[in-house]
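These features come from Swiss-Prot:
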type	residues	note
REGION	26-55	region 'Disordered'
COMPBIAS	35-54	compositional bias 'Low complexity'
DOMAIN	60-95	domain 'EF-hand 1'
BINDING	73, 75, 77, 79, 84	Ca(2+) 1 binding site
DOMAIN	137-173	domain 'EF-hand 3'
DOMAIN	174-205	domain 'EF-hand 4'
BINDING	187, 189, 191, 198	Ca(2+) 3 binding site
């Protein structure tokens, strides 16, 4: 009987979680439009301009991924090594062993050269079934990222201060007011903070 594929350690997912969050926050912030505009076009017929916009959106997303990839690839050789992955973790105050870094890379290293190429990186950032078991994985990684944004661990919420603090660690400098605005956009109950449900909504829109 085939054994179930072992799921990797939570440390190996911090890379995926934090970088996905950085990508989503920055990219969604740029592409966001007023809600009235989005509702007025909800039932509009599909047009050529819609197709062009979709193509441009895909290209922009790819360019954004390239920028994130370059942030990891410190020596510019087109590959992310375990050393470079560890260096990134250190820059955000997280220790990760060389073994754990290599494990994270091996999970999606298609050519088995021990490092992560750009296409492997794109695959990682767009995959939903991380373990190949037919299940859509996501909450585990999102919860890990959510916890990293909590100012008070276990509080169950992300405040503007917590968002600002973590974005600085990720190299995304934002004012307190900007962080308030980002939270307000996804704050369903209007209490000025994000709970996990609202955080998931932000990440999957």
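Every residue, even glycine, has its Cβ placed from backbone N, Cα and C.
What Swiss-Prot annotates, mapped onto the structure for a quick look.
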| residue | record | Cβ neighbours (10 Å) |
| --- | --- | --- |
| 73 | Ca(2+) 1 binding site | 20 |
| 75 | Ca(2+) 1 binding site | 10 |
| 77 | Ca(2+) 1 binding site | 10 |
| 79 | Ca(2+) 1 binding site | 20 |
| 84 | Ca(2+) 1 binding site | 20 |
| 187 | Ca(2+) 3 binding site | 17 |
| 189 | Ca(2+) 3 binding site | 10 |
| 191 | Ca(2+) 3 binding site | 11 |
| 198 | Ca(2+) 3 binding site | 19 |
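Sitting within 8 Å of the Cβ centre of 73, 75, 77, 79, 84, and not among those site residues for Ca(2+) 1, are the Cβ atoms of 72, 74, 76, 78, 80, 81, 115. Look at residue 79 (Ca(2+) 1 binding site): DSSP puts it in a strand.
In this structure, the C-alpha atom of residue 191 (Ca(2+) 3 binding site) lies 39 angstrom from that of residue 84 (Ca(2+) 1 binding site). The closest partner of residue 79 (Ca(2+) 1 binding site) among the binding-site residues, by CA position, is 198; the full candidate set was 187, 189, 198.
Per-residue confidence over the domain 'EF-hand 4' (174-205) averages out at a pLDDT of 86.
The two recorded residues residue 198 (Ca(2+) 3 binding site) and residue 73 (Ca(2+) 1 binding site) have their Cα atoms spaced 32 Å from each other.
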